[in-house]
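S.K.: Can you read through this structure? Questions will come right after.
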Amino acid sequence: MKKYPKIGIRPTIDGRQGGVRESLEEKTMNLAKAVAELITSNLKNGDGTPVECVIADGTIGRVAESAACAEKFEREGVGATITVTSCWCYGAETMDMNPYYPKAVWGFNGTERPGAVYLAAVLAGHAQKGLPAFGIYGRDVQDLNDNSIPADVAEKILRFARAAQAVATMRGKSYLSMGSVSMGIAGSIVNPDFFQEYLGMRNESIDLTEIIRRMAEGIYDKEEYAKAMAWTEKYCKKNEGNDFNIPEKTKTRAQKDEDWEFIVKMTIIMRDLMQGNPKLKELGFKEEALGHNAIAAGFQGQRQWTDFYPNGDFSEALLNTSFDWNGIREAFVVTTENDACNGVAMLFGHLLTNRAQIFSDVRTYWSPEAVKRVTGKELTGMAANGIIHLINSGATTLDGTGQQTNANGEPAMKPCWEITEGEVEKCLEATTWYPANRDYFRGGGFSSNFLSKGGMPVTMMRLNLIKGLGPVLQIAEGWTVEIDPEIHKLLDERTDRTWPTTWFVPRLCDKPAFKDVYSVMNNWGANHGAISYGHIGQDVITLASMLRIPVCMHNVEEDQIFRPAAWNAFGMDKEGADYRACTTYGPIYK
């Protein structure tokens, strides 16, 4: 079982003994227990285990008790804190002073004791000390004996906790570059200062010859390889598609069989490089058994590798998927072309949702007029205002087929613990593995092809690095859509019929970047996007504010935005205030 950070609950209280404190002990501790129960009952880690909470041993009224609580949280592996109170407390004495923990304070809205007054006072202290905290204050007054958590308060607590757990989970992990810069793509020029200062992560790197060395020297689990090949023969190789290469570039059957064996070994080795494998230690490879402690990774592929060896499409697709030959499991985060910036966006989405993430080129905006000109047909329904073609060289998660279904029977991408074996088989059945286009991939290999089902709510994200400014985040909520099959066939074949397609329509609004579908495409900051199931823009914005990464483009309603209270001091324009606050506070780990 993986070890995850915990969320610390800090019940603060009026320190005046002799009647005041005593009358509040039970109430304050009950609120803390209610918050812990809310989080544990509603939030899970990537492996499906509940997010754990640690409550201080007692209420916190004076600074010595704050210190004792801090010591306990360090021992217990806490990564974020929520302070809870129903009354006045001594702000600077009782506040969380850890500079690395995301922090929130819930001040109970009641009349008998001034929890709201403490909330305002301690948030002023957090702002004054440069330790931003999220303020949580219920809209409606509650009675003193009411220990329930109102819906608006619960929503903010869970939004904070979800993002805070993501921050804490990233801290101390690695991003593994397998290879280096791919085709001059800026996102694959990995910036270690960003990872260290903003995410608390380190960067690891291997030359791609390490994969060949492990193949040649047998540094992989042979039993697992045999199991993996049998599974691949049953579920993937049987769905091998037509070879569209010209005869001179078409591989023989024997060569294709060798490619299948190669890419399966490659997948096992890439996973071992990320997380290690105790089986390798049993085989005598102690160093290789350790792995790189990578929570995300990227594979360069093009061009040096793919000009000579089978491409990484199968390996990337399977690792990004919530299942493989070992069964249903948490998806990994692996980027095509070692695009670390997109990898970070994928990681954000994965940690916030516990779901597999789609990696795609933001390839083409198709206007209704262009579609009519090319196909003679009109886009209809949700696609009527134009569509964005999300497509990449076969490396997209197979969860992206949309063959999983939610409780309402709608297409979905689900956390691994909700996926059924039947849904796994449907995802595999919906995927064709085409021999790689050898104009692009001279070394061969296989690329996945599928068409995502329409009707899934999704959020497309991208992290970009801007010289002189730093990291910025883009967010576009929308939906996958289905279009007339004849239109799809014509548009797909003039792009690349061996790669997977997701047709995307963003939700439009009165913001300039979202006035129409074209504007979303035109304002996108790079060639790739990370697509997560669900409308999670508000959670991404909360996470970005914790990491001090401004959001330059989003279509989230303003009343859904939840950032630290200190952001209110930077002006009434929310986007401008976000930039000013992020610049003022700077990265957490600098």
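Backbone N, Cα and C define each Cβ position, glycine as well.
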S.K.: Given Swiss-Prot annotates ASP361, HIS528 as Mn(2+)-binding, which of GLU337, GLU378, GLU557 belongs to that site as well?
M.R.: GLU337
S.K.: Quick one: which residues besides GLU337, ASP361, HIS528 have a Cβ within 8 Å of the Mn(2+) site's Cβ centroid, in sequence order?
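M.R.: Going along the sequence, the neighbours appear as ILE185, GLY187, THR336, ASP339, ASN342, PHE359, SER360, ASN392, ASN527.
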S.K.: How many neighbouring Cβ atoms, not counting its own, are there within 10 Å of the Cβ of GLU337 (active site, proton acceptor)?
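M.R.: Summing over all protein chains shown, GLU337 (active site, proton acceptor) has 27 other Cβ atoms within 10 Å.
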S.K.: Do me a favour and check the Cα-Cα span between HIS528 (Mn(2+) binding site) and GLU337 (active site, proton acceptor); whole Å is fine.
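M.R.: So the alpha carbons of HIS528 (Mn(2+) binding site) and GLU337 (active site, proton acceptor) sit roughly 10 Å from each other.
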S.K.: Would you please pick out, from the binding-site residues ASP361, HIS528, the one with the fewest other Cβ atoms within 10 Å of its Cβ?
M.R.: ASP361
S.K.: What three-state class does DSSP give ASP361 (Mn(2+) binding site)?
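M.R.: Its secondary structure by DSSP: strand.
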